[in-house]
Every structure is written in C-alpha cells, then in structure tokens.
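Novice: Quick paste from TrEMBL:
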| type | residues | note |
| --- | --- | --- |
| REGION | 1-25 | region 'Disordered' |
| COMPBIAS | 1-10 | compositional bias 'Polar residues' |
| COMPBIAS | 12-21 | compositional bias 'Basic residues' |
| DOMAIN | 23-54 | domain 'Zn(2)-C6 fungal-type' |
| REGION | 54-158 | region 'Disordered' |
| COMPBIAS | 68-81 | compositional bias 'Basic and acidic residues' |
| COMPBIAS | 123-134 | compositional bias 'Polar residues' |
| COMPBIAS | 135-148 | compositional bias 'Low complexity' |
| REGION | 432-452 | region 'Disordered' |
| COMPBIAS | 432-443 | compositional bias 'Polar residues' |
Amino acid sequence: MSSAASSTGSPRPKRRRRRPARSCEQCRRRKIRCDMGQPCNGCVRARASMECSYRDGGSGDAAAVPAKARDLASAETRPEAGEGIGASGRRRVAARPALVGDYLRAQMPRQPSRPETDDDVPLTNQESSLLNNDSSSRPLVSASASSSTCIPPHTPRLRHVPEKTKLFGQTHWLHTAERFPISGSFHPVQVEPWFNDAKADLLETLQEARNLRFALKKQNAATLEQPIRDLRETLPVKETCDDLIRCYLRTFEPMYRIIHVPSFWNEYSQVWVGEHASTLQPVFFIKLTLILALGTTFKEVSDDAEASHLWRLAQTWIQNAQWWLTGPSEKTTYNLDGLQAFCLLLLARQTTFNCRGATSWLSSGSLLRAAITMGLHRNPKLFPGLSLYQREIRARLWTTVLELCVQCCLDLGLPINLSDIDYDACPPSNYNDSDLESGSEQTPKPMGTPTDSSLQVLLAQSLPLRVEAIRLLNDFRHQQSYEKALEMGTKLRTACRDVAAFFHSTKVTDGSFADTWQSQAEHVPSEADGYPAETVHHVYPPRLHAAGQGRSQILPLSQNMCRGCLSYRIQ
C-alpha cells in the first residue's frame with residue numbers, strides 16, 4: 001500500500017516528445033506538405049530544387065528512415081519509463097526484437113553484396129548500425145548512444161549557375177549558420193502591410209549599394225588592353241578551321257573528354273553567320289582558338305610558310321587565353337566553361353607552346369584546385385538538382401583533370417598532391433554525346449559497347465593503379481621494393497592488353513559509335529584508336545623496371561626487371 005501510494009503520490013517528470021521533422025526546411029517555412037523527396041515536390045513546384053535541404057543533414061529518403069527507426073526504437077524502450085503500459089504490452093514488444101531491422105530492410109534500397117565503391121553514397125553511422133544490429137533489441141539503444149557522440153558530415157551545398165560554380169565546403173560559414181535555430185516564421189497573411197513596403201525599400205537600398213560597390217571596384221581596377229580585341233578576325237578560313245577541329249577531335253578529345261561535341265558544333269556553325277556571331281560568349285572563342293591551336297599539332301600542311309603561319313597563330317591564341325584566365329576578367333572564369341578552357345590551355349601549352357618544367361606543374365596544380373573549388377571531386381548523387389548532362393560533364397572533366405595531373409607528376413618526377421580519400425566522384429559513364437542531349441534519364445551502355453567515352457572510361461579504370469605507381473616511384477621515405485615494382489608492372493601490362501583487346505574486338509565498326517565520329521570528325525574507329533591509351537600505360541613499366549638496372553649481378557631478382565624494361569623499350 002505504501003509503495004503504491006508513494007508511486008502515485010510522487011509526480012512523474014513530464015517527458016518531452018522530440019518528434020523528427022517530416023519535411024524539408026523550405027516546406028516547413030512555407031507550411032506546405034512535403035513528400036520527403038530529394039528534391040521534394042514542393043521545392044520542384046517552387047522552382048527551387050537546388051535549395052531543398054533537410055535539417056538533419058541527410059537527403060529526404062535517408063532522413064525519413066532513421067526517423068521511423070527512432071520511433072520504433074523508442075516504442076521498444078518506452079515501457080521502462082512509463083507505468084501505464086501493462087506487462088503483456090511489454091512482453092509483446094520484447095518478443096519482437098527484429099521489428100526495426102525488418103522495417104528498415106523493407107524501406108531502404110537493397111545494397112549489393114560487393115564492396116562499396118565511389119558510385120555508392122555511404123550510409124550514415126546510425127543507419128549502418130541499425131542495419132547490422134537487428135538481431136537483438138539491446139544494440140539498438142547502444143547504437144543510438146554511440147551515434148550521438150559522432151558529428152555527422154555536412155551535406156555539401158553546390159551553387160551551379162552559368163555565371164559561377166562553387167562548392168560550399170565543410171568549413172564554410174553557411175553550414176555553421178544552418179545550425180542556429182529559427183526563432184519563428186510569419187505567414188504572409190500575418191505580416192503588416194507596412195512591412196512589405198519597408199522590405200521593398202530595403203531591397204532597393206541593398207541593390208544600390210551593390211551597384212555602387214561594383215562601380216568603385218571598376219573605377220579602381222587597372223585598365224589593361226586585351227591582347228586580341230576580336231578573336232573572330234584572327235581565325236583562318238572555314239576550311240582550315242574545319243580541318244584543325246577534326247584533328248583535335250581525332251587525337252585529343254577521345255582521351256580527354258573536355259567538350260560536348262554536338263553543342264560545340266552548334267555554336268561553331270554560328271561563327272560563320274554574321275548576325276549570330278556577335279551573340280556568342282567570349283569564352284566560346286577562347287575554347288575554339290585553343291582547339292584550333294591543338295589541331296595545328298597534327299595538321300598536314302603543304303609548305304613551311306603555312307606551318308609557320310599556323311604556329312604563330314597558335315602562340316597568339318595561347319597567350320590570349322592565358323590573359324583571359326588570369327587577367328581582369330578572372331572572376332568570370334569560375335565556371336565549367338572556364339575549367340574547360342583551362343584544360344585546353346594546359347594541353348595547348350604542352351604540345352604547341354614552349355612550356356616545360358615548373359610552369360607546367362604550377363598549371364596542373366592550379367587546375368586541380370579550381371576543379372575542387374567547383375565541387376567536381378564530390379559524388380554527383382549528392383546534388384540531385386543536377387541534370388544528366390551536368391552530372392556527366394562534371395564526371396568527364398574531373399577525370400580529365402586527374403589525367404593531366406598524373407601525367408604532369410610523372411613527367412616532372414614530383415609526388416601527386418591528391419589522395420583517393422580526398423574525393424568520391426564517380427568515373428564517367430559509357431554514354432554517347434547524343435545521349436546527353438535528351439531531357440530524360442538515359443541508361444549507360446554496357447562496357448562492351450563502344451561509345452564516344454569508351455577510351456576515357458578505359459583509362460579511368462587504370463587511373464588508381466597509375467597513381468599508385470607514381471607514389472612508388474616518387475616516394476623518398478621508403479626504399480622501392482623489387483617485388484612491388486614487378487607486381488605493378490604486371491598489372492599495368494594487363495591493363496594495356498585489355499585496352500588493345502577492346503579496340504581489336506571493335507575493329508569491325510558497329511552502330512552509333514562509327515556514325516557519331518563520322519559525323520563529327522569523319523573518322524571511323526579502328527584498332528589505332530587504342531594507341532593513345534596503350535602509350536599511356538607503356539610509359540610506367542620501364543620507369544618501374546629501371547630501378548633494377550645496374551644491379552643485375554648483385555640481385556638475381558633484378559634481372560627480371562632488366563628484361564622487362566628492355567622488352568618495353570623495344571616495343
């Protein structure tokens with residue numbers, strides 16, 4: 001009796017229910033229903049799909065599942081806190097320990113049994129702990145307790161507009177500001193009429209201050225003359241330009257996917273129409289002249305005078321592009337168009353411009369940092385507002401940037417300044433350029449089907465191996481192992497044979513691959529198209545085996561390295 005009286009007499013502390021948010025921040029602010037999508041239907045209708053975000057740092061689907069799991073977990077641990085639940089209810093809850101695990105498996109997408117790759121977005125600590133510990137009810141409580149001590153990563157924010165592309169990283173102040181609670185929001189009906197007028201006056205004042213700031217910056221900026229006022233006047237005749245573009249598309253573009261070829265042809269056709277040439281952006285002429293400069297490397301000329309004229313034009317175009325990237329208009333280059341021009345400039349300097357040594361290294365390092373600033377190193381699945389065209393162009397450019405950096409580090413004998421843990425971007429998919437023009441989502445073609453991106457996809461598969469080879473060659477802290485060098489040389493030889501076998505199997509042209517390249521560059525793919533990729537792989541084994549030269553009489557194992565190096569030199 002006394003125990004019952006004491007239990008009923010002492011008031012229980014009022015437990016505060018903390019319900020998870022079931023909508024994105026924008027829908028909560030607008031007070032509309034949210035379907036927890038990524039982006040949700042409300043943000044799509046408001047034409048603000050890129051702004052759709054969730055307070056807990058995850059996407060809609062990923063945020064909804066832990067919320068439901070917390071409800072189930074709280075239902076399982078609630079009997080110890082409340083006296084009103086009977087013993088039978090407690091027994092029923094305790095008799096079903098796998099309820100949360102079964103529910104999560106039904107709600108979450110099925111994960112493959114293979115190891116996690118860059119294409120997969122990893123689960124959060126809470127989701128993985130709930131999935132792995134569904135056999136008993138006890139680990140559920142410990143999982144939530146352990147996950148409470150971990151700081152979840154911020155969901156990256158990307159500003160992707162034609163004028164500027166920028167990634168707001170982990171330490172950006174925007175993520176700190178998002179953690180401050182919102183004191184309240186007002187419905188438009190509750191706002192006083194005078195507030196709208198005051199808001200309009202404030203916006204007008206801010207716009208005037210912004211215009212004044214731009215005017216002062218322009219007034220104080222140094223006035224520099226552009227090296228070439230009108231690039232259109234420096235172009236050769238149309239027939240010569242067509243030949244130079246075909247040379248570029250046949251040699252550089254299959255390995256370094258920098259431009260979208262159909263879009264480039266559409267803009268290029270407007271250059272020779274007087275009334276449409278003035279509507280083209282200056283960045284297009286920068287890219288066009290750099291492509292023409294690259295084409296001069298493989299252009300067949302009739303005499304030395306024509307070759308000298310094209311070479312001087314290439315030097316002029318390259319210097320103008322350098323001025324455009326680093327001159328007063330530098331701020332307008334912080335987008336994908338500027339990054340494409342940067343890649344073309346780096347290739348043009350290495351092939352047609354007298355650029356060797358440290359300047360090449362500095363250019364590749366700046367290119368890598370520019371790509372990271374634009375968020376190309378992150379998984380495109382983190383930005384659901386991007387279209388298929390935007391995702392694939394970003395993946396191609398990131399792979400091209402890595403290829404240029406790796407090649408530069410190998411040439412100069414310098415360590416690579418990027419680790420595989422610093423990026424989670426997906427490799428490019430096996431698409432034709434024409435597949436990216438449609439607005440609907442397209443399924444990438446199988447790897448056995450040759451496309452416009454086949455060569456870059458093949459090179460991307462061996463990119464981690466080549467990065468590891470550069471680390472082994474340029475590692476000054478540890479001695480180079482003969483066994484490791486032989487092992488990596490064998491792997492690179494296998495990758496080279498895979499490339500040769502792929503193009504040998506596609507020697508008989510089929511389908512869209514031949515049609516696409518015939519229409520773009522009047523070129524039918526053949527086994528010779530694999531030579532650039534084979535050349536890229538052939539460079540590494542001789543340098544790995546070169547360490548054994550001169551020591552064959554001391555170490556018998558180094559004789560194999562000498563023979564391997566000699567065989568590659570003969571090839």
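The backbone N, Cα and C atoms fix where each Cβ goes, glycine too.
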Novice: By DSSP, how many residues in the domain 'Zn(2)-C6 fungal-type' (23-54) are helix, how many strand, and how many coil?
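Specialist: For the domain 'Zn(2)-C6 fungal-type' (23-54), the helix, strand and coil counts are 14 helix, 0 strand, 18 coil.
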Novice: With DSSP, how much of the region 'Disordered' (432-452) is helix, how much strand and how much coil, in residues?
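Specialist: Helix (H, G, I), strand (E, B), coil: 4 helix, 0 strand, 17 coil.
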Novice: Could you tell me the mean pLDDT the prediction assigns to the domain 'Zn(2)-C6 fungal-type' (23-54)?
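Specialist: Mean pLDDT, the domain 'Zn(2)-C6 fungal-type' (23-54): 85.
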